[in-house]
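Noted in TrEMBL for the protein shown:
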| type | residues | note |
| --- | --- | --- |
| ACT_SITE | B:GLU307 | active site, proton donor |
| ACT_SITE | B:ASP381 | active site, proton acceptor |
| ACT_SITE | B:GLU409 | active site, proton acceptor |
| DOMAIN | B:25-146 | domain 'Alpha glucuronidase N-terminal' |
| DOMAIN | B:150-469 | domain 'Glycosyl hydrolase family 67 catalytic' |
| DOMAIN | B:470-695 | domain 'Glycosyl hydrolase family 67 C-terminal' |
Number of protein chains: 2
Amino acid sequence: MISLRLILLVFIISSSAIAQKDYKLWLQFDRITDTRLASEYRSRLQGIVSFGNSETSKIATKELETGIFNMLENKPDVLSEIKGENKIIIGSRAVLNSEIQKSISSDFDKINEEGFIIKTILFKNKKHILITGKKEVGVLYGVYNFLRLLQTNKSIQDLNIADSPKTNIRILNHWDNLDRTVERGYAGFSLWNWQKLPDFIDQRYIDYARANASVGINGTVLTNVNANALILTPQYLEKVEALANVFRPYGIKVYLTARFSAPIEIGGLKTADPKDADVSNWWKNKAAEIYKRIPDFGGFLVKANSEGQPGPQNYGRDHVDGANMLADAVVPFGGVIMWRAFVYSEHDANDRAKQAYAEFQPYDGKFRDNVIVQVKNGAIDFQPREPFHPLFGAMPRTPLMMEFQITQEYLGFSTHLVYLPKLYQEILESDTYQKGKGTTVAKVIDGSLTKTKLTGIAGVSNIGNDLNWTGHPFAQANWYGFGRLAWNPNLDSETIADEWLRCTFSNQENFIKPVKEMMIQSREAVVNYMTPYGLHHIMDTGHHYGPGPWVSNLSRPEWNPVYYHKADKNGIGFDRSKKGTNATAQYAPEIEKIFDNLETCPEKDLLWFHHVSWDYKLKNGQTLWNGMALKYQEGVNQVKDMQNIWNKTEKYVDADRFREVQMLLEIQYKEAKWWRDACLLYFQQFSGKELPKGVEKPIETLEYFQSLKFPFAPGN
Amino acid sequence: MISLRLILLVFIISSSAIAQKDYKLWLQFDRITDTRLASEYRSRLQGIVSFGNSETSKIATKELETGIFNMLENKPDVLSEIKGENKIIIGSRAVLNSEIQKSISSDFDKINEEGFIIKTILFKNKKHILITGKKEVGVLYGVYNFLRLLQTNKSIQDLNIADSPKTNIRILNHWDNLDRTVERGYAGFSLWNWQKLPDFIDQRYIDYARANASVGINGTVLTNVNANALILTPQYLEKVEALANVFRPYGIKVYLTARFSAPIEIGGLKTADPKDADVSNWWKNKAAEIYKRIPDFGGFLVKANSEGQPGPQNYGRDHVDGANMLADAVVPFGGVIMWRAFVYSEHDANDRAKQAYAEFQPYDGKFRDNVIVQVKNGAIDFQPREPFHPLFGAMPRTPLMMEFQITQEYLGFSTHLVYLPKLYQEILESDTYQKGKGTTVAKVIDGSLTKTKLTGIAGVSNIGNDLNWTGHPFAQANWYGFGRLAWNPNLDSETIADEWLRCTFSNQENFIKPVKEMMIQSREAVVNYMTPYGLHHIMDTGHHYGPGPWVSNLSRPEWNPVYYHKADKNGIGFDRSKKGTNATAQYAPEIEKIFDNLETCPEKDLLWFHHVSWDYKLKNGQTLWNGMALKYQEGVNQVKDMQNIWNKTEKYVDADRFREVQMLLEIQYKEAKWWRDACLLYFQQFSGKELPKGVEKPIETLEYFQSLKFPFAPGN
C-alpha cells in the first residue's frame with residue numbers, strides 16, 4: 001500500500017511540478033528505472049567519504065549525495081573516514097590521505113590543473129571509487145562526470161578515467177544589457193537582476209553556476225559586447241562582486257566587457273586614446289579597483305571599432321595599441337583581454353567577408369601574451385552555415401579564441417529546434433592546412449598546433465529568465481553541447497546528443513535513437529529551409545526574424561541581403577573566387593584551390609564562393625534552380641519528419657515538455673514553409689523558371705511576405 | 001523502510017525542487033500534517049462525482065482530484081454516479097440530477113450568477129458534500145473555496161456555505177508593453193510572450209488563469225493603459241484570441257486598452273474625433289472584428305487625455321463624448337468601457353489632488369450604461385497612504401470602479417514586504433457620507449448604495465515572469481488579497497492574511513500568529529519610514545525608487561516633490577483646507593469638516609490637508625518635528641521587528657523562501673534607514689532643529705543621498 005502510494009506520489013508530484021523538469025536542465029537525476037542496474041549501483045555506492053572542507057568540496061559532496069539519492073532512492077551516508085568497502089572517496093590531491101596519494105601519484109601526470117581522475121582503487125584491500133583532481137574544481141568536475149555515468153546508465157565497475165579540459169577559457173558571453181534586455185536573446189530577459197543585487201542572491205545564480213560547472217564552463221562575461229561603461233562604476237562593481245562570490249566555488253570566473261570610451265564616460269577624461277598616459281593609468285587603476293573586490297576577476301572582453309563601438313582607431317591607433325594597453329592594466333593580476341576580431345568597415349564595401357582577416361592578420365604576433373583574439377566561426381555572422389573563418393589558419397603567432405553563437409539569432413530564435421553542436425563540430429573539424437593537412441580549427445583553438453598557453457572557446461549565451469532557461473527545451477542541448485565542446489573540441493556531436501538526451505529525458509533506446517537522429521538532422525534542415533547551397537544573410541532586417549532576401553534599402557551596402565545573394569537573371573551567389581573578390585586567397589593554398597574552383601568547391605558552400613548560373617548542373621544532375629527549390633522543400637520535409645518523430649515520444653517524456661516541443665515544432669514547420677515560399681517566390685523573379693515537381697506551390701504571394709512587419713521582435 | 005524512504009523522498013524533492021514552491025503561489029496543497037484531521041478528511045472524501053462535461057467542469061474535477069491527493073495522499077476515485085456515501089458531488093445547477101436540484105433549489109436564491117454553494121446533503125439517506133452554482137464557473141469557484149477549507153484545516157462537517165462575488169468586474173490591469181517591459185513592473189518582464197503567440201501556449205498562461213480563478217478574479221486587461229494601437233491589429237488580435245481561449249474555461253475575460261488615436265495610427269483615418277462618423281464606424285467595425293474572434297471579449301480600458309495620452313479633448317470633445325462613442329461600439333456585444341479618471345492638467349497647477357474631481361464630477365449621470373469610471377483609491381497616485389478619493393462620494397449616478405495598485409510603484413518595488421490588503425481595507429472602509437453615515441467606499445463600489453448593475457474593482461498587477469511571479473514571496477499575498485477583496489470588499493485584511501499564510505506556508509500557529517502580525521504591521525511601517533503624517537509624493541523622480549524630497553527641477557510643477565510637501569522654515573504640509581486650495585470641499589460636508597479642521601483632521605492625514613508648524617503639538621505631546629522624526633525611526637524599528645519575527649520561522653518554511661525573504665528584509669531595513677535619513681536631513685534644513693532622542697543619527701550626508709542615481713531602475 002505504501003509503496004503504491006510512493007509511486008503515485010512521485011507520479012502526481014511530477015505532473016503537478018509545473019515547469020520543474022524544464023528548469024532542471026540536464027541535471028534531472030531521475031530515478032533509474034533499470035532495477036538490475038540500480039541495484040548494482042547501490043551496492044557500489046554505499047557511502048561518501050569527503051576530504052576537503054572548501055566551499056567547492058561541500059558542493060561536490062552535496063551534488064553526489066543528492067544525485068545518488070534521487071537516482072537510487074538511497075541516501076548515502078557521508079563519512080569522515082574510509083571504513084568498509086564501496087565508498088566514493090572525493091577530495092583534491094592535497095587533502096587525500098598519503099596512502100591513496102601515493103598509490104595514484106602517476107595518474108596525476110595524466111591531467112592538467114583542472115582535470116579529474118575517477119578511478120576504482122583498493123584501499124586496505126577493499127574496493128572504492130576515488131574522484132580526485134589537482135585542484136578542488138577538478139574534483140567537482142569529476143563528480144559531475146561520475147554522476148553523468150549514472151545518468152547515462154554506464155557501468156561503474158573498474159573505473160579508470162582521467163580527463164582534462166583542452167582549453168583554458170571556456171566561457172559564455174552574455175549580450176545582456178543593464179536594463180535586462182538581451183541583445184539577440186530569445187529566452188526572456190537577463191538573469192542578472194541588477195536592481196536587487198548585491199543583497200539579493202537569486203537562486204537562479206546558483207543554479208546557473210551549477211549547470212555551467214557540470215559541463216566544465218569556467219567563465220562568464222556578464223555584459224553585452226555593445227558595452228555600457230556604467231558596469232565599471234563602484235555602484236555596479238559591488239553587484240558584479242556579489243555574482244563573482246556566488247560563482248567562485250563552482251570554478252567560474254567573472255569577466256566584463258570594457259567600453260573603450262569608459263575613461264571619458266565615467267572617468268572624466270577628455271580622451272580614451274590608448275597612448276595617452278592618463279588613459280592607461282585610468283585603466284590600471286580601474287583594474288586594481290576591480291581586482292581588490294574580485295581577486296580572481298577574469299579580465300575584459302572588448303568589441304572595438306565595430307558597428308559603432310568606440311575603439312583605438314578613433315584616436316588614430318590600431319587594435320594592437322588598444323588591446324595591449326588594456327592587457328598591461330590587467331596583467332599584474334593575471335587578467336586576460338579577449339579582443340574581438342568581428343569588425344567591418346563601412347568604407348570598404350568590397351567584401352565584408354574579407355575584412356576581419358584584412359584588418360587582423362597583419363597584427364599576428366604583435367599582441368601581448370595575455371591577449372587572445374576572439375574570432376567568430378565564420379567570416380560573416382553566425383549564419384546557418386559558413387565556411388570556417390580564414391583567420392583560424394592565418395595567425396600562428398597569436399592565441400585565437402573561437403566565438404560560437406549559442407543563441408539562435410539567425411537560426412529561428414528559440415522556436416526552431418536546431419542542434420548546434422553539429423554546426424560547431426563542422427567548423428572545429430575544418431582543416432586550415434596551416435601546417436599541412438590535418439591542422440584543424442580544433443587544433444588551432446586548443447593550442448596543440450601552436451603550443452600557445454592561452455586558449456579558449458566562447459559561446460554567445462542563449463540563456464534568459466524563461467522558466468526553462470533557453471526558451472526551447474532543446475536549446476538546452478546547445479548550452480550543454482557548447483560546454484562539452486569547449487572542454488574538448490574533438491568530441492563528437494552525436495555522442496554529446498546521446499549524453500544530453502539521457503540526462504535530460506530518458507535512457508529508453510526507443511526514445512534515444514529516433515530523437516538523437518532528429519537532433520542531428522535538425523542543423524541540415526535549417527540550412528535547407530533558410531539558406532541552402534551556401535546562401536547567407538538573406539534574413540529580414542534588424543530583428544533577423546524570417547526571410548528578407550529582397551531587402552536593399554539599408555544605408556550600408558553590406559547590411560543588405562541583396563549584397564550577399566546577388567541574384568540576377570544570370571544566376572545567384574557571391575563570387576569570392578579569384579575572378580571575384582578573391583576572398584578565397586585568405587585561405588591556405590590547399591583550401592583556396594578547392595574553394596576557388598566551381599567544380600571542386602563543396603556544394604554546401606557553392607553560393608558563398610561563386611556566382612552560379614541558374615542552369616548550372618549540380619552533382620545530383622539537377623539544375624541549380626531546381627536543386628535549390630528542392631533543397632528548400634527538403635528542409636520543410638525534414639521538419640515534418642521531426643514532428644513525426646517527436647509525436648511518437650509521448651510515453652517517454654513528461655507532459656509539459658512533450659507539449660512544449662510539439663507546439664514549437666508546429667511553429668518551426670510553419671516558418672520553414674514561410675522561408676521556402678518567400679525565398680523561392682523572390683528568387684523566381686530572377687530565374688524566371690517554374691518550381692520543379694515535388695516542391696509545394698506557395699499559397700501566399702511575394703507581396704504578402706514582403707508586407708510582414710515585426711515591430712517588437714525580441715532581441716533587437 | 002519504505003515509509004521512511006517516502007518521507008526522505010518528500011524531503012529531498014522539496015529541497016531540490018528549486019523555486020518550485022515559490023511558483024505554486026497559494027496553491028501549494030501541502031500534505032496535511034495533522035494526522036487526526038487528515039484521517040477525518042479522508043473519511044469524508046471518498047470519491048468525486050462530477051456532473052457536467054465542459055472544460056470548466058473538467059478543470060474543477062482535476063483540481064479537486066489533485067488537491068485532495070496532494071493534501072491527503074489519497075487518490076479519490078472519480079465516479080460517474082453517486083454510490084455509497086461521503087462523495088463530493090460537483091456540477092452546475094443545470095447538470096445536477098433532479099432529486100438534488102429540487103432538494104437545494106431554495107439555496108440557489110442565496111447566490112448570484114457567479115456564486116457557489118458548498119453544502120453537506122443527504123442523497124438516498126447518505127451524506128455527501130455538494131459543490132454547485134448557477135453556472136459552471138460558480139462550481140469552479142466553489143471547488144477552490146472547498147480546497148481552501150482543507151488547506152486552512154477547517155472543519156468540513158455539515159457544511160452550508162453560499163457565497164457570491166459582490167462585484168461584477170474583478171480585474172487585473174497589466175501595464176505590460178508589447179516589447180514585454182512592464183511599466184512599474186518589478187517582477188521581471190511581461191508574461192505575454194507575443195512573439196511565440198498564438199501557437200505557443202506557455203504553461204504559465206494556464207497557471208496564471210488558475211491562480212486568478214482560485215481567488216475569483218474574472219478579468220484581465222492584457223496591455224498597458226499607456227497604450228499601443230498595434231494590439232488592435234489582426235497580427236496581435238490573433239494572439240489575444242489565443243490567450244482568451246486559455247483563460248475562458250477559468251471564467252476569465254480578456255480586455256484590452258484602447259489607444260484613442262488608433263483610428264489614425266492603424267486605421268488610416270485623419271482624425272480620432274469621437275463625433276466623426278468615420279471614427280465611430282471604425283471603432284464599431286473594430287469591435288465587431290474583435291468579437292468575431294473573441295465572443296466574450298470584455299471591453300476596453302481607456303486612459304485618455306492624461307499624461308500625454310491622446311483623447312477626446314484633442315478634438316474639443318470631452319470624456320463623456322469619448323467614452324460613450326466607444327461604449328456604443330461594444331454595447332451590441334455586451335462589452336464595457338472602463339474609462340479612467342486619473343487625469344491632471346498641466347495648465348491647472350492649483351492642486352493636482354482636485355483635478356480628477358473637478359473634471360469628472362460634472363459628468364455624473366452622463367455616461368452610457370456600459371461605461372464605468374475607474375478611479376484610483378486616492379486623489380494623487382498610489383501613495384503609501386492617501387485619504388480616499390473624493391469622487392467616490394460624488395458621482396451617485398455613475399458606476400465607479402476602484403483602481404488599486406498591487407505593484408509597489410511607491411512602496412519599495414518588489415523588495416519591500418508591504419501587505420497591501422491593509423491599505424485597500426482602509427480605503428474601502430472609509431465613509432463617504434454620500435447618503436449619510438455608513439456609506440462606505442465599499443458600498444459605492446459594490447453597487448449596494450446606488451443599485452448600479454455595473455460594478456468592479458481593478459488592481460494594477462504586480463505579476464511578471466520572475467519564477468515566483470511577483471518578485472517578493474510576500475507580494476503574492478497582495479495579488480491574493482486583491483482578488484479576495486474584489487470578490488468581497490467587506491472582508492477583513494487580517495482574515496485574508498491568515499488564509500494566505502496557511503495556504504502558502506504552514507498551518508502551525510507558532511508560525512501564523514507572529515507572521516500575520518508582521519504582515520499587518522508592514523503597511524504602517526512603510527508609511528512611517530517613507531511618508532508619515534500625511535506626507536506624499538516625495539520619492540525620487542521617474543523611477544520612483546527611494547527618497548527625493550529635494551526634487552524641484554521638473555518641468556511641470558506638480559511633478560516635483562517640493563510641490564507636495566511645501567516644507568519651509570514655518571512648517572510643512574499641503575494646505576488643502578478652506579484657507580488653502582479648498583480640496584476638502586470635494587468631500588461630503590461631514591468629512592469636509594473633519595479634514596478641514598487642524599484639530600479634528602486625523603493625524604495620519606495631517607500634512608495631506610494642512611501646512612503645519614514645526615512646533616505644532618501632536619496628540620502624543622511631541623512637536624511635529626520631533627514626532628515626524630520619531631515616526632521615521634519607528635518605521636525603521638518596525639522593519640527590524642519584522643526581521644526578528646522572520647528569523648524565527650526557519651523551521652516552518654522551506655529553505656529557499658526562508659532565505660529569500662530574509663535577504664529581502666535586509667534590503668528593506670537598509671532602505672528604510674535610507675528613507676529616514678535622507679528625508680530627515682532634508683527637512684532639517686527647514687526645521688533647523690536637532691533630531692530628538694531615540695532617532696539614530698544619519699551616517700551619510702544629505703549631499704550623498706542627493707547624488708544617488710539609478711539609471712536602470714526597473715519599471716520606468
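Glycine is no exception: its Cβ is also placed from the backbone N, Cα and C atoms.
Quick caveat, the model's predicted, so the values are computed rather than measured.
Positions of the features from TrEMBL, shown on the structure.
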residue  : record                       : CB count, 10 Å
B:GLU307 : active site, proton donor    : 12
B:ASP381 : active site, proton acceptor : 18
B:GLU409 : active site, proton acceptor : 24
Mean per-residue pLDDT computed across the domain 'Alpha glucuronidase N-terminal' (B:25-146): 96
Secondary structure content of the domain 'Alpha glucuronidase N-terminal' (B:25-146), with strand meaning DSSP E or B: 54 helix, 23 strand, 45 coil
Residue pair B:ASP381 (active site, proton acceptor), B:GLU409 (active site, proton acceptor) - Cα distance, angstrom, rounded: 10
